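> Here it is: the structure, laid out below.
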Amino acid sequence: TTVCPRISGPGPVLSRISASTSEEDVLCPIPPLPPRPDSRYERIGGRTGTSFLQTLIHLLKGNIGTGLLGLPLAVRNAGLVLGPLSLFAMGIIAVHCMNLLAKCSHHLSAKLNKPFLDYGDAVQYGMENVSWLRRHSIWGRRIVNVFLIITQLGFCCVYFVFLSDNVKQVVEASNGTTMNCHRNQTAVTVPSFDSRLYMLCFLPAIILLVFTPNLKYLAPLSLAANLAMCTSLVLIYFFCLTNIPNHINLPKVGHAKDYPLFFGTAIFAFEGIGVVLPLENKMQKPQSFNMVLYLGMGIVTFLYISLGTIGYITFGEAIGGSVTLNLPNCWMYQIVKLLYCFGIYITFALQFYVPAAILIPPVLSRFSERWELTVDLLIRTALVVFTCVLAILIPQLDLVISLVGSVSSSFLALIFPPLLQILTYHNEGLSPWVIVKNTLISVIGFLGFITGTYISITEIIKRNGRHDNLDVTFFQVQ
């Protein structure tokens with residue numbers, strides 16, 4: 001994240017940012033481009049765009065979050081061999097779908113003489129290429145917006161659960177925390193609250209965070225959050241690599257019934273398709289974006305496979321919904337948890353503005369200018385409370401990640417881009433092989449959506465029922 005000196009003035013109302021905004025978009029907005037005279041991907045008008053390295057950093061940031069920390073459990077669900085192989089295959093498919101989205105957006109923007117198309121624009125104008133879909137093309141944008149809302153609010157729910165689980169663990173181990181990082185236990189455990197009460201404690205702080213009058217004020221905090229998360233990630237790798245057991249006796253292939261949970265967690269981790277078009281549009285030399293995409297996603301896929309594998313090998317069947325929950329209770333790794341929590345807290349605001357940008361403006365248009373700010377803040381409060389309530393209802397981190405990934409990320413990352421290519425090049429001699437390939441990718445995504453959603457909901461019901469029974473038993477014993 002870069003602090004933007006070019007921003008001045010009070011700035012627009014927060015809810016008026018683009019619906020498909022990346023972190024760089026909200027912190028460093030740039031005036032729109034003039035129309036492209038052709039599709040050579042050249043920046044027009046001498047405006048300074050982002051460099052190759054800056055775009056690469058933003059692409060990495062858009063794909064590395066809580067999903068990465070949940071991948072060791074995902075590998076356990078798939079198996080020590082099948083899990084990494086599946087992550088590799090999913091990485092290839094995800095990068096291919098990102099490339100398809102960028103390619104279709106460029107083709108349509110050049111055809112329509114528009115400077116830039118976001119995800120919803122691309123689907124809407126793609127549908128207009130097919131005569132029998134033309135009348136309903138507006139629904140393309142609406143459907144994409146619905147899944148963007150579900151995905152981003154789902155991320156926010158995951159953040160609530162992540163924050164509560166990690167802070168709860170730090171508090172409970174505070175009395176027994178030592179300088180010795182070779183034992184993953186403490187001598188004394190402090191009685192603590194249920195994790196759902198921690199979510200309620202975080203609620204006021206998060207509401208105040210999303211009240212930030214201008215997103216440029218978050219730029220320094222976002223930079224600090226990125227550094228904190230990067231430092232934490234390095235220390236997590238260090239611990240895992242230095243504590244791999246001598247004898248590894250883990251299943252090479254997991255149970256078939258657990259594989260949909262792997263799919264949901266893995267596709268949740270590949271969360272960056274929403275930043276592809278904004279980042280490409282901001283590059284000084286957009287023709288280099290393919291190289292950025294392949295290099296960046298290659299690094300991301302390597303991180304996913306490596307941390308997922310060594311995290312599972314290090315902690316085995318005891319791996320938690322986030323690998324941070326398995327770190328030893330010594331001061332260094334307690335600080336690691338808190339640093340990552342700080343990064344997630346700041347990231348909450350950036351993820352939240354995407355659904356806010358979609359949902360709030362239509363409501364504000366019904367009120368006079370004097371009521372706009374009040375209504376805006378009330379809706380933001382209601383949305384944050386809504387995500388908190390959902391997190392309280394489903395406080396299991398691994399299942400929330402899997403459910404969000406299965407329900408919404410599968411559509412945005414796997415199902416829509418291949419179908420968009422078929423729509424975009426409908427009348428331009430698309431080969432049968434491409435149609436078969438794209439159909440297959442979309443079918444795989446849809447099967448993952450069906451099975452992942454079903455298994456996640458089933459496990460949520462099962463665990464909540466077991467948790468309620470434990471609560472009743474505990475109450476009777478007391």
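Backbone N, Cα and C define each Cβ position, glycine as well.
Residues or ranges marked as domain 'Amino acid transporter transmembrane' in TrEMBL: 49-457. Among the features that TrEMBL reports, transmembrane segment is placed at 78-102, 143-162, 195-211, 218-239, 259-279, 291-315, 335-361, 373-394, 400-423, 435-457.
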> Can you tell me which recorded stretch out of 143-162, 373-394, 435-457 has the most Cβ pairs within less than 8 Å of the transmembrane segment (259-279)?
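Looking only at 143-162, 373-394, 435-457, the most contacts with the transmembrane segment (259-279) come from 435-457.
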> Which one, 78-102, 143-162, 195-211, 218-239, 291-315, has the most C-beta pairs under 8 Å toward the transmembrane segment (373-394)?
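Looking only at 78-102, 143-162, 195-211, 218-239, 291-315, the most contacts with the transmembrane segment (373-394) come from 195-211.
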> For the transmembrane segment (218-239), which partner among 78-102, 143-162, 195-211, 335-361 gives the most CB pairs under 8 Å?
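It is 335-361, which has the most Cβ pairs under 8 Å.
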> Take the C-beta pairs under 8 A between the transmembrane segment (143-162) and each of 78-102, 195-211, 291-315, 400-423. Which stretch has the highest count?
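Stretch with the highest Cβ contact count: 400-423.
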> Of the listed stretches 195-211, 291-315, 335-361, 400-423, which one has the most C-beta pairs under 8 A with the transmembrane segment (78-102)?
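Maximum Cβ contact count belongs to 291-315.
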